[in-house]
Amino acid sequence: MSELIQNVKTSFEQVLGYAPSHIIQAPGRVNLIGEHTDYNDGFVLPCAINYQTVVAAAKREDNIVRVVSVDYGNAVDEFDITQAITFQQDKMWANYIRGVVKCLLARGYSFTGADISVSGNVPQGAGLSSSAALEVVIGQTFKVLFNLEISQAEIALNGQQAENEFVGCNCGIMDQMISAEGRENHAMLLDCRSLETESVSMPEEMAVVIINSNKKRGLVDSEYNTRRQQCEEAARIFGVKALRDVTIEQFNEKVAELDEMVAKRARHVITENDRTVEAAQALRAHDMKRMGELMAESHASMRDDFEITVKEIDTLVEIVKEVIGDQGGVRMTGGGFGGCIVALVPPALVDDVKATVAAKYQAATGLKESIYVCQAKDGAGLVEVL
């Protein structure tokens, strides 16, 4: 993070002509288990990771917000918070920031503008929530600069609202919530219906290894929408608000009445919810053998019932599983059809995992992986007052 801090300080001083007063950060995240459960009102178990978005900031008194994006060649966006805050077609990065500010104002928070320089190292397009980290760090920045009475949960909800309503991208609450509320060496069990969270301690030093298959993700949006509709149809047939409300026993009684495809989709969600709650217990007990079994079952369910994995992802999972055995766990993470796998790996095996993947993955698939070795880290907050 020190390089990011240096970059935002330098760009702030060069472009805006004076020194910032505060450094704030918000992390990306990875979901350990609980896939496609969020929009079914279910459970997820993410952790925040040590890739983050960092801001250098200072308050203004004239209702102007000026933002410098280090990652877009020090491009600048400027707007007046007393005027209508509008969507910028030609500056997509700026819309996340404008949306967060607009939603904060609509929620009744008062502040008088800010100068902000922002940079991040959360890999974009890998499904590690670079957009949520940006939304949360901007909310956190206004909280810090103006001592706003806003909870971390509301910073998360505000970021989600900005993405849904201003940017126009439909997302659940998980990404923002873990970025805002994460804890070092802990995962977070999140109930996507009540938004209650529970910190789940992880074995210290356990590496969270994220491997991007670099398989270009096709069909994601259309397939995602189809899965969502199938889940909603299953919930209707069961007469419940969401699949969260169906037990596996109820499912088994009624499975014959369901269309085969809908049944497979529903079975994934129902069993995945149970697995996620049990995984939190296993992780808390530092029972990595059980955690590994649950992650393996989750992957098989995504592959066979939800049908969202691809050959490259299945290959990566198999390669990693060979190395870690029952000392950790591995599964696809994220929306599917490419993207990443996540593995919980004892530190002593991290180099073996990297070497084995390097030796076998490209030979099997023709693609070169990207590996990120992470730890579970704290959520958003103030880094330093300058």
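Cβ atoms are placed via backbone N, Cα and C, with glycine included.
Reduced to three states, the DSSP call for ARG29 (site 'Transition state stabilizer') is strand. Packing around ARG29 (site 'Transition state stabilizer') is summarised by its Cβ count: 32 other Cβ atoms lie within 10 angstroms of its Cβ, all protein chains included. Positions annotated as site 'Transition state stabilizer' by Swiss-Prot: ARG29.
Shown in sequence order, GLY335, GLY336 are the residues of the chain, 6+ apart in sequence, with a C-beta less than 8 angstroms from the C-beta of TYR224 (substrate binding site). The feature substrate binding site is assigned by Swiss-Prot to GLU35, HIS36, THR37, ASP38, TYR224.
Here Swiss-Prot flags SER69, GLY125, ALA126, GLY127, LEU128, SER129, SER130, SER131 as ATP binding site, drawing on sequence analysis. When other Cβ atoms within 10 Å of the Cβ of LEU128 (ATP binding site) are tallied across all protein chains shown, the result is 27.
Taking the Cβ of GLU163 (Mg(2+) binding site) as reference, residues of its chain lying under 8 Å away and at least six apart in sequence are, in sequence order, TYR96, GLY99, SER131, ALA132, GLU135, CYS169, CYS171, GLN176. The annotation Mg(2+) binding site is assigned in Swiss-Prot to SER131, GLU163 on the grounds of sequence analysis.
Take the CB of ASP175 (active site, proton acceptor) and look out to 10 A: across all protein chains shown you find 28 other CB atoms. The feature active site, proton acceptor is assigned by Swiss-Prot to ASP175.
Sorting the binding-site residues SER69, SER129, SER131 by the number of other Cβ atoms within 10 Å puts SER129 first. Of all the binding-site residues listed here (GLY125, GLY127), the one with the fewest other CB atoms within 10 A of its own CB is GLY125. In this structure the residues listed as binding ATP are SER69, GLY125, ALA126, GLY127, LEU128, SER129, SER130, SER131; their two most distant Cα atoms lie 21 Å apart.
Here the binding-site residues are THR37, SER130; the one with the fewest Cβ atoms within 10 Å of its Cβ is SER130. Geometry remark: GLU35 (substrate binding site) versus SER69 (ATP binding site), CA distance 32 Å.
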